[in-house]
């Protein structure tokens, strides 16, 4: 019996071609992985941008300026409240987020008071302002109108100007002629008579204290003898 040999026409695999195919597959996998990582980074960046925009009142980013929220622990809260309001206005913070933002910038006695107030109930920004003003504000600031009316010059004109600026910044809806009257009435007697002889009634040439240049610019201290000289006062002013 003749045994027929089974011929095998298949060629053995080329080892070089096999290695090249494996390398190509790995490169494709690496490329796909890089694309996936880039997509993840882009989604994370988008989430961070949306989160930052949300807590800032969902307003567009303002790269030209950055305002830091002030820290408050104790003392007169007037300056802190003024800066806080400017921060809220700049970033258009909604009312329901104001207390939460402010509470993260409290220290010492102010933080203790906030913790006590918010222990059992949610407090609004207006309530926090009232609590800080009542507990930390100086007694004379509790009635700003009365405090302004009680002003009296005891030192130099420059010191009197500064004190008047401080007190008048805490009142509202005062017409200029009333501010002028209070300012003149608080001057020392020897200076008061010199000013009143000109009978000033209004201040059309002098801006309101609310514009940052106070009405007491109508007087100037002499650098020589410390006396007051009149600046452009007449019966027609």
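Each residue, glycine too, has its Cβ placed from N, Cα and C.
TrEMBL does not curate its annotations; it predicts them automatically.
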**Prompt:** In TrEMBL, which of 40-61, 62-83 is labelled region 'Disordered'?
**Reply:** 40-61
**Request:** Please work out the helix, strand and coil residue numbers for the domain 'Retrotransposon gag' (101-189) from the DSSP assignment.
**Result:** 57 helix, 1 strand, 31 coil
